[in-house]
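Quick notes on the structure that follows.
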Amino acid sequence: MNTQARLTSTQWKARFKGYVQVTKPGIIFGNLISVAGGFLLAAKGDVDLVLMLASLVGLSLVVASGCAINNCIDRDIDAKMQRTCKRVTVTGEIPLSHVLLFGIALGVLGFGILALFTNALALLFAAIGYVVYVGIYSLYMKRNSVYGTLVGSFSGAVPPVVGYCSVTGQMDMGAVILLLMFSLWQMPHSYAIAIFRFNDYAAAKIPVLPVAEGMAKAKHHIVLYIAVFALVSTMLPLAGYTGTAFMAVTCATSLWWLTMALKGYRQDVDMPRWARQVFGFSIITITALSVTMALDFQAVSQTPLFTLVR
């Protein structure tokens, strides 16, 4: 009896771990930081804790839903990749229908929280990001187009905008800058992953840039996107949304990241190692900027491009 109970307990723990894994906790955590950064930038020190908690929890559940459903969609290509071949949607440890229902439930709960506590614009951006990620990127673009990363970058840039618009209820220049900034950041971040996971993507026949058009072109794009990202990031302080601390941090991190990327042109470069370094510093960069803009906000007069409130 005790042996059976222990076995059941072990199976339950494994099942629980599987459900957690399909939500991709690392992605959720990264998005939490950017949502908080966008929210606190817009709040400018006047923080509504209930609204902030609702924005963080609601958006996290939406992201978790998208990731769970993405696992269902990607099960065939995940089976061909060393990094993902042991996911529960591939092994069958959890039935696919259960993961799908779990993802739908998370989405309903997440969107429900955003609808109840935030505003129509924040909810709209969350919905658009979700549709782009699940419906356009996962179902079609990732498998069929070299531009899949570009399309996916939009959904990856939505979380800080949701946080920002939860406070303002309007689409102003600050929100536009955040959307551009985080979209641009996604590109070198994703291309770096595609380089050090090249064999996986090639085996699954996913047409990411390094696989479809070669390493040389991917390196050019990484450098170009980092350079443009650096310029766009300075728009937050130049437009008066943040102060000198943010300007200093964005200049320092962007310059270091760009210098690191340029090392990819060396003849003796170890490509996988270099790509991992570019990827790793991309996380440091965006985390540093999210934290800094949350602390170094400025009280500026916001001119809305359009307003959509409850």
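The backbone N, Cα and C atoms fix where each Cβ goes, and this holds for glycine too.
The transmembrane segment annotation in Swiss-Prot covers 25-45 (among others).
Within its own chain, the transmembrane segment (49-69) has Cβ neighbours under 8 Å at 22-24, 27-28, 31-32, 35-36, 39-40, 43, 99-100, 102-107, 109-114, 116-118, 122, 126, 129-130, 133-134, 138, 155, 159, 162-163, 166-167, counting only residues six or more beyond its boundaries. According to Swiss-Prot, the feature transmembrane segment maps to 49-69 (among others), an assignment based on sequence analysis.
Positions annotated as transmembrane segment by Swiss-Prot, on the basis of sequence analysis: 98-118 (among others).
Summarising the annotation, Swiss-Prot assigns transmembrane segment to 121-141 (among others) and lists sequence analysis as the type of evidence.
Here Swiss-Prot flags 145-165 (among others) as transmembrane segment. Sequence-distant contacts of the transmembrane segment (145-165), counting only residues of its own chain at least 6 positions beyond either end whose CB sits under 8 Å from a CB of the stretch, comprise 31, 34-42, 55-56, 59, 63, 66, 114, 118-119, 121-122, 125-126, 128-130, 132-133, 136-137, 171, 174-175, 178-187, 190-191, 194, 206-209, 212-213, 290.
The transmembrane segment feature in Swiss-Prot is assigned to 176-196 (among others).
The annotation transmembrane segment is assigned in Swiss-Prot to 222-242 (among others) on the grounds of sequence analysis. For the transmembrane segment (222-242), same-chain residues at least 6 beyond its ends with a Cβ under 8 Å from one of its own Cβ atoms are 41, 173-174, 177-178, 180-181, 184-185, 187-188, 191-192, 250-251, 254-255, 257-258, 261-262, 264, 278, 289, 292-293, 296-298, 300.
The transmembrane segment annotation in Swiss-Prot covers 245-265 (among others).
Positions annotated as transmembrane segment by Swiss-Prot, on the basis of sequence analysis: 277-297 (among others). Sequence-remote contacts of a segment are chain residues at least 6 beyond its ends whose Cβ falls under 8 Å from one of its Cβ atoms, and for the transmembrane segment (277-297) they are 30, 33-34, 36-41, 43-45, 160, 181-182, 185, 188-189, 192-193, 196, 222, 233, 236, 241-246, 249-250, 253-254, 256-257, 260-261, 264.
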